[in-house]
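Report on the structure given below.
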Amino acid sequence: MVAVLPNFDREFLVYAKSFTGLGFKIEAELALTLSFSLLIGACFPTFSRSSLVVGNMATLADSFLADLEDLSDNEAPFEPEADGADDPSDDDDEMEDVETLNYDDLDSVAKLQKSQRFHDLMKKVDEALEKGSEESRTGFVSEDDPEYQLIVDCNTLSVDIDNEIVIIHNFIRDKYRLKFPELESLVLHPIDYSRVVRKIGNEMDLTLVDLEGLLPSATIMVVSVTASTTSGRPLSEENLQKTLDACDRALALDEAKKKVLAFVESRMGYIAPNLSGIVGTEVAAKLMGVAGGLSSLAKMPACNVQILGAKKKNLAGFSTATALPHTGFVFHTEIVQSTPPALRIRACRLVAGKSTLAARVDSTRGDPTGKTGRNLRDEIRKKIEKWQEPPPAKQPKPLPVPDSDPKKKRGGRRLRKMKERYALTDMRKLANRMRFGVPEESSLGDGLGEGYGMLGQAGSGKLRVSIGQSKLAAKVAKKFKEKQYGSSGATSGLTSSLAFTPVQGIELSNPQAQAALLGSGTQSTYFSETGTFSKIKRT
């Protein structure tokens, strides 16, 4: 803030800082005061900046001290003016609500099950289920239809039930944490957690509790082992009763949600015919229930629709080979389960995308007959069948016709090497040429035998030069030399004439010792391994 002040205010700040000697704290407060004065001067041009900062005071020091007094006087907390809509009585009401809210009482935390709206909707759902679905509901259904409004309300109620179950689950965890604190990390799903807590109760020895049917076998084993080493203690009768009541309420809400989904499922044929044509009425009802209605489902991207209803699992250290992450309601549809296991994730992604398109068609009432959904389902099946087809066989390449001419090779490293190997030498080129009017020499004379052409003729204009060695021949010769002689004869720099013997330790070898042994003729020449008969020493 100090960096953007004009020159006048910056100079005043430096002077005030040197005058007071209070350091950076005074600097920050003064910068705030000066910037506020600049803002007032910009909003009200009739006031000058100098009049706000200096005023009628005698010196700049007096102005600075006056500003400090103003800052000290305005240290009271800032209270914004209340609008006409705000009333102090509203704050009092909110404080009263907070004070009356008792987190130890389940009825104060979870109020949905005892609300009038919940009872009215569940009563209408029961009546609709007893009456059954009307067979005449096959055409267009308007949004003013009472049953359509009931379905929309049921979708909203399904979301509210899920939120209520989460609240009750937190209440149960807070109470049961004193008894078994590790259980909440082993059983993650709220309904499963409520069933397990209801089954265990206040029992400390879990070997006496049968959890078969509530949890997988692996999870039951982990829970039993963890319970034997837990640091928890039994609950009091009051807390235990509150915990069990909360479990009963969570399970009752889950049953109510299943009933709501069953009602929505029975009406999905004319509420969302295209979506039901792809995933079925049961999965379509679950998707709408979790998403919060058909409109909310239509606004979701396909990647989110794919994981709707995914259940978080705790593997408890076991293998992840059989785990199926990111799999929800769509994964358990008939069309995905009929796909081979290797293609199910891919098919689930495809079904989620097509289901999103069908939900958008249903939300706009684009096709009440459901033909679009059936076409999308057929398209999905064709794609899955296409994935399972074997790859096309490799076509056999016919052999070339034996009598046909060889193909003309136009270039390449191999062709250049071949041409270099079989190229004509300069001598052969001269032998193939003849000078006009000059008889050529032949091997037998008088034109008999093989002619030499221009070889050896004076005045041919060309020197007879031996052909140089080609690169290919040099490379082959080098390889042959390395193969025949092995390594080069150069002496390594690490070679030494010292020899380590067990008799005298280090001995210095004599290079002429071998020559002295070969002094006689018989040893050096006749019976020598290196000498030949051409080197006979005559005496």
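Every residue, even glycine, has its Cβ placed from backbone N, Cα and C.
The model shown is predicted, which means the values in this text are computed figures rather than measured ones.
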Query raised in the report: Which one of 75-96, 361-382 shows up in TrEMBL as region 'Disordered'?
Result: 75-96
Requested in this report: Please spell out the DSSP helix, strand and coil residue counts for the compositional bias 'Basic residues' (407-416).
Outcome: 4 helix, 0 strand, 6 coil
Report task. Please list, for the domain 'Nop' (271-389), how many residues fall into helix, strand and coil according to DSSP. Result -> 77 helix, 0 strand, 42 coil
